[in-house]
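Visitor: Dropping a structure here in structure tokens format, bear with me for questions.
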Amino acid sequence: MAAIVIVGAQWGDEGKGKATDILGGQVDYVVKPNGGNNAGHTVVVGGEKYELKLLPAGVLSENATPILGNGVVINLEALFEEMDGLIARGCDASRLRISSNAHLVAPYHQILDRVQERFLGKRAIGTTGRGIGPTYADKVSRVGIRVQDVFDESILRQKIESALNVKNQTLVKMYNRKAIVAEEMVQYFLGYVERLRPMVIEAELELNRGLDAGKHVLMEGGQATMLDVDHGTYPFVTSSNPTAGGACVGSGIGPTRITSSLGIIKAYTTRVGAGPFPTELFDKWGEFLQTTGGEVGVNTGRKRRCGWYDSVVARYASRVNGFTDLFLTKLDVLTGIGEIPICVAYDVDGVRHDEMPMTQSDFHHATPIYETMPAWDEDITGCKTFDDLPEKAQAYVRRLEELSGCRISYIGVGPGRDQTIVCHDVMEA
């Protein structure tokens, strides 16, 4: 039995999809425990590139059952559009299963998300506008719509009417928008009932019974540690807990059953949207990382902000997630750049901080303190073992390992599934 949690260690887009794709072929279940269609990832299989948004990367594995856990918020229109796209390409997306307790994104959530961001102007968070935040807000306010609700029309209608009593007041009186007709929302959800019905299960029961039977489970977290609503750069965060603890909550698997916590981390750092980013680059090197690394958001098409590796963030992520291992991605992007700066600490108003500053204000004012290491010029995209890497690349990896306080067990040297060096297999932990 193995229960492995995959967590982004930075601000997202670290390559979690690749890690899931590699490990997904060795497990029985791949679970997405949080998020929605607001965080895309790219997976390359057999030379084919797949851009996934709501579905877990495990849907591309022939052996694993992909599951959307209770912590996910689901846009049904986006879900079936993504599934149909995969089916058209020969993927058996019909194996997907969905927790009956997952919450649903309604069209009014998306409307509210967009008008609220527009209203905030320069103070906007930089959301994707897909209704994720408002859906989670309804969840914690106990007025959300769950998957199970669509199978009882009277409950569905009651919940929608109750929710719109408040939301229409907000839309009409505050944002000068038209009121939403409750019956239209009811019919919207009822239109998906028959296709949805065979996919819905008691996910926590299925997963725990699987673990009892010795099966392997992989939990594929969305977003990343620094976007966690509790542990991230609040308020520039997502609305869920994309950390190891959140994976337990969003799947129904208890923390004592977790065998490995695998952090996915780039050899440099990126971020999409607003918020503090101490190592962000505004010079030719930022442009180099963006261009060479292909740093464009899968969901939004926005260019990602780029910066050097931040070991303060890495140590923080290792601590709050209890990482047992790290998966270092995109090492090949740094080939041939001469010198590689590594942020080892911050300067905040003349005071050195080796760990994450306590306050939001201090983090906003943090200036990176760098050390540099020599880069390598050799092509590493064909390296199969750690010893195949040039000495300078090995030294860089070992230094990141030392600074992060966690062993690096996987190293990505290219986008392909086979372009991964395995130093330690977490399936054998």
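Quick reminder: no glycine exception, Cβ is built from N, Cα and C everywhere.
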Visitor: Let me know which member of Thr238, Thr243, Thr291 Swiss-Prot also records as binding IMP at the site of Asp13, Glu14, Gly15, Lys16, Asn38, Ala39, Gly40, His41, Thr128, Arg142, Gln223, Arg302.
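Guide: As annotated by Swiss-Prot, Asp13, Glu14, Gly15, Lys16, Asn38, Ala39, Gly40, His41, Thr128, Arg142, Gln223, Arg302 share the IMP site with Thr238, chosen from Thr238, Thr243, Thr291.
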Visitor: Just checking, which of Thr42, Thr128, Gln223 (binding-site residues) has the fewest C-beta atoms within 10 Å of its C-beta?
Guide: Thr42
Visitor: By a 10 A CB contact count over all chains shown, which of the binding-site residues listed here is most packed: Lys18, Lys303, Arg304?
Guide: Lys18
Visitor: Could you check what DSSP calls Lys18 (GTP binding site) once collapsed to helix, strand or coil?
Guide: helix
Visitor: How many Å separate the Cα atoms of Asp13 (active site, proton acceptor) and Asn38 (IMP binding site)?
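Guide: Their Cα atoms are separated by 12 Å.
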Visitor: Here's one to test understanding: among the recorded positions Gly40, His41, Thr128, Arg304, whose C-alpha is closest in space to the C-alpha of Lys18 (GTP binding site)?
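Guide: In terms of Cα distance, Lys18 (GTP binding site) lies closest to His41.
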Visitor: Provide, as an integer number of angstrom, the distance between the C-alpha atoms of Gly301 (substrate binding site) and Thr128 (IMP binding site).
Guide: 11
Visitor: Looking at IMP and its recorded binding residues Asp13, Glu14, Gly15, Lys16, Asn38, Ala39, Gly40, His41, Thr128, Arg142, Gln223, Thr238, Arg302, figure out the farthest C-alpha pair and report it in angstrom, whole number.
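Guide: Max Cα-Cα spread across the IMP binders: 34 Å.
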